[in-house]
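So that you can see what the record holds, here are the features copied from Swiss-Prot:
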| type | residues | note |
| --- | --- | --- |
| SIGNAL | 1-28 | signal peptide |
| DISULFID | 94-121 | disulfide bond |
| ACT_SITE | 226 | active site, acyl-ester intermediate |
| DISULFID | 280-291 | disulfide bond |
| CARBOHYD | 281 | N-linked glycosylation site |
| ACT_SITE | 345 | active site, charge relay system |
| CARBOHYD | 363 | N-linked glycosylation site |
| ACT_SITE | 454 | active site, charge relay system |
| CARBOHYD | 515 | N-linked glycosylation site |
| CARBOHYD | 524 | N-linked glycosylation site |
């Protein structure tokens with residue numbers, strides 16, 4: 001009798017254990033999840049400071065491989081599979097020059113896993129609390145990586161810490177880069193914007209499948225840095241993304257950022273480079289596409305490095321009009337947004353790649369020459385820029401610091417603030433930040449004058465101090481930096497949950513209203529108002545009005561920064 005009781009009791013214990021496991025998402029070292037395409041098997045990871053593991057699924061396809069006839073075409077649905085698919089190894093990165101990934105590892109003091117490269121690259125990674133399963137309906141945060149639309153990968157970011165600490169589900173994605181992501185013929189044969197179409201395909205996959213991993217398809221926040229932030233800003237403006245996401249975070253990048261707009265003569269030059277390098281006939285778009293689809297990946301990569309003419313285009317579909325037109329019309333979907341910049345966006349990483357000589361100091365003549373070359377400001381107006389920025393600056397280091405600030409203003413701060421104002425005026429909830437902390441890990445590797453450089457905030461957002469896997473994002477973090485990382489993870493996750501970053505034990509983050517309040521993110525968090533208000537006025541009002549009086553707005557050399565930021569009303573007056 002007692003033996004029967006013991007047997008029954010043990011059986012009951014097993015039933016309760018199994019039931020608990022189901023309730024908690026079947027916590028196992030080899031988690032299995034169903035998708036509409038087939039079953040996947042992931043793995044588990046741990047993070048510092050948390051006992052419960054994170055389920056990790058790597059390399060899940062969200063589109064068919066863009067090979068052969070699918071090169072330079074919209075992404076197609078992924079191919080289903082019948083066996084259990086192992087999702088435990090990193091996918092190939094999209095075709096790019098891997099040299100820059102290796103260089104960035106050293107410059108950024110990070111470590112990436114060993115990654116292959118292929119055009120077969122449309123995959124995503126998922127990081128979820130181990131208990132999450134169908135029915136958990138956790139907020140989803142989809143990260144769109146940056147890299148200047150030329151380099152980058154889903155797998156150089158690890159969402160484990162953010163998922164573990166904040167009970168959110170993290171998705172990191174990949175999209176075609178360089179010429180593979182943006183080649184176009186400006187007609188129906190190859191309208192371009194393939195990279196943005198890939199991002200739409202990833203969002204559609206999330207919409208249809210993320211509930212099986214414990215995510216809520218009705219609570220999707222897209223976030224990204226640099227080119228990823230530009231992509232997010234573009235997705236907000238595009239009518240094709242309607243209903244696919246509900247909140248957005250743009251870290252150091254927006255759609256109206258200068259250098260993204262190319263003119264017809266630049267495209268013609270790019271096509272001529274194609275003709276010269278690939279020996280393809282560019283007079284017939286169909287023939288040209290057939291020729292290019294027969295070229296090797298390396299041949300196309302080499303071609304992309306010889307011309308930068310192929311970038312985002314107004315294709316009548318993803319971009320019905322120029323981004324500034326769409327922004328100023330305020331007909332875009334007004335989702336709650338966080339927009340932010342770092343306080344020295346062009347402090348180190350970007351100059352190291354584009355013009356390293358200026359880091360050692362610059363005189364005013366050299367500085368103005370660089371400004372003229374990079375911004376295409378006509379020589380007769382350079383004295384206006386010099387007076388506004390360099391008045392009273394004499395030492396080489398003072399001029400260098402001012403020049404770096406100018407480039408940061410032009411390419412990041414002013415476009416970000418103009419975008420924030422337009423979102424606010426379209427009745428979209430907006431929160432703005434300036435990240436101000438120089439990471440301690442650069443104490444001995446960066447010049448002392450560098451403050452918070454481009455991308456420095458990312459290691460804090462992803463909980464870099466708490467990662468212990470293949471991706472190393474933040475070695476040598478101080479206790480203050482660990483606390484700042486925890487706070488930033490909480491701000492970002494709170495926003496993903498509700499559209500408001502504020503929460504218990506966090507300094508108040510005011511909305512970006514008519515007072516233009518913003519958060520200063522540093523080890524001691526505080527609030528500011530009207531960030532660089534005079535600089536915004538200079539680039540969007542003072543200088544354009546002076547130039548419009550002399551019809552300089554009609555010149556083909558009109559500076560791209562102003563062309564990107566001017567409201568259509570001023571352009572029409574000038575014409």
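Cβ atoms are placed via backbone N, Cα and C, with glycine included.
All features noted in Swiss-Prot, drawn onto the structure.
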{"residue": "94", "record": "disulfide bond", "Cβ within 10 Å": "27"}
{"residue": "121", "record": "disulfide bond", "Cβ within 10 Å": "26"}
{"residue": "226", "record": "active site, acyl-ester intermediate", "Cβ within 10 Å": "26"}
{"residue": "280", "record": "disulfide bond", "Cβ within 10 Å": "20"}
{"residue": "281", "record": "N-linked glycosylation site", "Cβ within 10 Å": "14"}
{"residue": "291", "record": "disulfide bond", "Cβ within 10 Å": "17"}
{"residue": "345", "record": "active site, charge relay system", "Cβ within 10 Å": "28"}
{"residue": "363", "record": "N-linked glycosylation site", "Cβ within 10 Å": "14"}
{"residue": "515", "record": "N-linked glycosylation site", "Cβ within 10 Å": "10"}
{"residue": "524", "record": "N-linked glycosylation site", "Cβ within 10 Å": "11"}
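When the active-site residues 226, 345, 454 are ranked by how far their Cα is from the Cα of residue 280 (disulfide bond), 226 comes first.
According to DSSP, residue 291 (disulfide bond) sits within a helical segment. Ranked by Cα separation from residue 345 (active site, charge relay system), the recorded positions 94, 363, 454, 515, 524 are led by 454. The two recorded residues, residue 524 (N-linked glycosylation site) and residue 454 (active site, charge relay system), have Cα atoms 20 Å apart. DSSP assigns residue 94 (disulfide bond) to a strand.
Comparing the Cα of residue 454 (active site, charge relay system) with the Cα of every entry in 94, 121, 291, these being the disulfide-bonded residues, the smallest distance points to 94. The Cβ neighbour count for residue 454 (active site, charge relay system), using a 10 Å radius over every protein chain in view, is 25. Cα distances from residue 281 (N-linked glycosylation site) to the recorded positions 121, 226, 363, 515 are smallest for 121. Residue 291 (disulfide bond) has 94 as its nearest neighbour among the recorded positions 94, 226, 515, going by CA to CA distance. Comparing residue 226 (active site, acyl-ester intermediate) with residue 121 (disulfide bond), their Cα atoms are 20 Å apart once rounded.
Cα to Cα, residue 121 (disulfide bond) and residue 515 (N-linked glycosylation site) are separated by 44 Å.
Mapped onto three states, the DSSP output places residue 454 (active site, charge relay system) in coil.
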